[in-house]
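Record features, source TrEMBL:
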BINDING   LYS121, GLN184, GLY216, ASP247, LYS390  UTP binding site
BINDING   HIS217  substrate binding site
Amino acid sequence: DFSKAMSQAGTSQFQEVIRQELEYSMKVELDKILATAPSNELEHTKKDLEGFKKLFHRFLQEKGPSVDWGKIQRPPEDSIQPYEKIKDRGLPDNIASVLNKLVVVKLNGGLGTSMGCKGPKSLIGVRNENTFLDLTVQQIEHLNKSYNTDVPLVLMNSFNTDDDTKKILQKYSHSRVKIYTFNQSRYPRINKETLLPIAKDVSYSGENTECWYPPGHGDIYASFYNSGLLDNLIGEGKEYIFVSNIDNLGATVDLYILNHLMNPPNGKRCEFVMEVTNKTRADVKGGTLTQYENKLRLVEIAQVPKAHVDEFKSVSKFKIFNTNNLWIALSAIKRLQEKNAIDMEIIVNPKTLDGGLNVIQLETAVGAAIKSFENSLGINVPRSRFLPVKTTSDLLLVMSNLYSLNAGSLTMSEKREFPTVPLVKLGSSFTKVQDYLRRFESIPDMLELDHLTVSGDVTFGKNVSLKGTVIIIANHGDRIDIPAGALLENKIVSGNLRILDH
């Protein structure tokens, strides 16, 4: 045993030496990069690289999945409240004064590349020519007009989306919403083999665009604080932020949740509320809330030891997942940020660049910080508060008559008998928004649809109705045109169907 202990000590000592060498080499490279920064960017770049250095240090310390599966427990009953219970409390007469303490923050760092678009995802048209950003501004303007309040909108941009977003913001200059922006950090991608940055200088245009990345939405705490905006909003008397992804069209300001935060029934305010909702088959990989070392903790699939992944995906054991709609106290962010006490697990995101080089990005997720806040709470909200548009399949749903649009908010049509959303899978011919739009002369009637799968070269004429389960598969080299006015109910269409005018 003694010799075993000695060899283990030797191994850990050896690993420590390697770690120190890697950190030193990283510091040398980052100093070289910093030396290329123009004087007007020096301070900003320094902050970014300092933040990256801390993340890299933690990455070298941590090994393997960061949760001990044996310590994971179901959250206590009262730590995840049903939304109905919160709604039943009703609203106070002075809801306007409560609303005036709120700031809406949208995570706006993503590009529309997965849907074949250049530029910020928030500028993709989703409904009647309205973009994600248009709908967000309309929602908040409607609130401010209805209650005579001043709820501002804050956009967390990335270096990828900042310029294009700022150009567009001019069009809202006469709307009744104050809009602020700040940028999340810009971190260097590192070579998977050498663990050194692939960037040689600070520029991020031209051939250097692939050298840098925005480090995930967990970066919100540091970059919001560093921007000075956090302090300004606290100075204006704001107390809570409502954070959500800009592509989640269900994430509207909920007055009942806000009232629960500002006027808690037990007199003790929550610093952090995470909206969760019940899993369906489509969400088995979503992060879930657990009890871990007496704290609520978000566990993501990447942190789960391989042997327990199936258990993690089980809908019976972990019934809920994180919608990434979060309500957080501003004063708590400030306190924790100043103490450097926000603890988020590192997500290692491997990428292969266009030239074939393997790199890794170190990221964090905003919801993972829940365990650093006091008196955290989960609220199990209706599925309607989670309506993300990640693909053109999602886009088809929100463009259809399943939803009606009112003051920027989408609500499920009352004419639909089942409140669940149909399962839609569009094949690779529909991946890019422009291809998708070209294939539909008009969006089909989907009020009675349960399931739609489309694969291959398929187009839809005007006023098509889809009901029940519809599967349309065009064989390779064939094409299927669904004629105008067609009704497909519980049908499988395959092979080749061309209807030509004569």
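Cβ coordinates come from backbone N, Cα and C, glycine included.
Remember, TrEMBL labels are computer predictions, not curated facts.
Closest to the residue listed as 'substrate binding site' in space, going by CA atoms and restricting to the binding-site residues LYS121, GLN184, ASP247, LYS390, is GLN184. Taking all protein chains in view, 22 other C-beta atoms sit within 10 angstroms of the C-beta of ASP247 (UTP binding site). Fewest other C-beta atoms within 10 Å: among the binding-site residues LYS121, LYS390, that description fits LYS390. Each of the binding-site residues GLN184, GLY216, HIS217 was ranked by the number of other C-beta atoms within 10 Å, and first place falls to GLN184.
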